[in-house]
Amino acid sequence: MSQLYDITIVGGGPVGLFAAFYAHLRQAKVQIIDSLPQLGGQPAILYPEKEILDVPGFPNLTGEELTNRLIEQLNGFDTPIHLNETVLEIDKQEEFAITTSKGSHLTKTVIIAMGGGAFKPRPLELEGVEGYENIHYHVSNIQQYAGKKVTILGGGDSAVDWALAFEKIAPTTLVHRRDNFRALEHSVQALQESSVTIKTPFAPSQLLGNGKTLDKLEITKVKSDETETIDLDHLFVNYGFKSSVGNLKNWGLDLNRHKIIVNSKQESSQAGIYAIGDCCYYDGKIDLIATGLGEAPTAVNNAINYIDPEQKVQPKHSTSL
C-alpha cells in the first residue's frame with residue numbers, strides 16, 4: 001500500500017524544489033516526482049553555467065548554483081524524491097491516485113511544476129549536421145572553449161547571453177536571421193557595446209568541414225545572394241527548445257495551449273490540483289523563474305487549506321516562526 005502524502009509535487013526544477021521546501025515549513029508531508037534523471041530542470045541540465053538574471057538578490061548566479069542552493073535548502077527536511085519517473089495519470093478517488101511509469105502514489109493534493117514539460121533543442125537543419133562533433137546545443141563547461149573561435153546561432157535571450165559569456169574568454173561571432181534580437185533590452189545593449197562580431201540579418205547556409213570537424217560556416221544574407229564565410233572552432237545552436245507536455249492532456253484539466261489554466265489560488269479546474277511555474281496559465285502570466293517562485297507559496301498554502309479548511313491560507317511569516 002502506497003503512503004499517503006499531503007502534497008505531491010510533479011516536477012523537480014527550481015519552482016518545484018522551492019514549493020517542496022515551503023510545504024515543509026507548513027509541516028506538510030511532501031514528495032517530488034520528476035521524469036528527469038536529476039533535480040534542477042532546464043537550468044541544471046541545459047544552462048548549468050549560464051547566469052540566471054531573474055532571481056532577486058543573487059547577481060552572477062548560474063543555473064548550477066541556483067539548483068545546488070535550492071537542493072541544500074530542501075536537504076534540511078526528509079523529502080522522498082522519485083527521479084526518472086513519468087506521471088501517466090492522475091485519478092481523483094477518495095484521494096488522488098497518481099500512476100507513473102514506475103508505480104503508483106496516493107496524495108491528498110497535487111502541485112504540478114513541470115515547466116514546459118520534456119524538452120529537446122531545435123536542431124540546425126543543414127546537410128551533414130549530424131556528423132560534426134563540434135556543433136553543440138548546450139554548454140556544460142565554458143572554460144574548455146577558452147581561446148577558441150566560437151560562433152553562436154540565434155537571436156533570443158540564450159543566444160545573446162551566451163555570446164556575452166563567451167566574449168570574455170574567446171573570439172565570438174553571433175549570427176541571427178533578423179536585424180532585431182528577442183532578448184532583454186539590457187542584454188542587447190551590452191551585446192552592442194561588446195566585442196562580439198554580430199552578423200545580421202544572416203542565416204547559416206552551408207557547413208564546411210570533413211564531416212567530423214566543422215572548420216567554416218557559410219552564411220547567406222536574408223533575401224539576398226550575398227554570402228560570407230566564418231572560420232570557427234565550435235558552433236553553438238541556440239534556436240530554443242521543442243517542449244512536450246506528454247500525458248498532461250489526459251489528466252482532465254482545462255488547458256490553454258498546453259498550459260494548465262489556474263485561478264488566483266493557482267488551482268486548476270480540478271479542485272486539489274494546483275499548477276505553478278511555466279506550465280500554468282492565467283491572464284497576465286509571465287514565464288520567469290522569479291514568477292514561479294512566487295506562485296509556489298500560493299499553491300502550497302491553498303493546498304493546506306484544501307486538506308484542512310481550518311488551516312489559514314495566510315500563514316505566519318517565516319520571520320515569526
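Using N, Cα and C of the backbone, Cβ positions are placed for all residues, glycine too.
These come from Swiss-Prot:
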- ASP34, GLN42, TYR47, VAL87, PHE119, ASP278, THR319: FAD binding site (BINDING)
Tell me the Cβ neighbour count for TYR47 (FAD binding site), meaning other Cβ atoms within 10 Å of its Cβ, over all protein chains shown.
23
Note down the number of other Cβ atoms within 10 Å of the Cβ of VAL87 (FAD binding site), including every protein chain shown.
24
Non-local Cβ contacts of ASP34 (FAD binding site) (under 8 Å, 6 or more apart, same chain)?
VAL10, GLY11, GLY12, GLY13, GLY16, ILE81, HIS82, LEU83, ASN84, GLU85
If you rank the binding-site residues GLN42, ASP278 by how many other Cβ atoms lie within 10 Å of their Cβ, the lowest count goes to GLN42
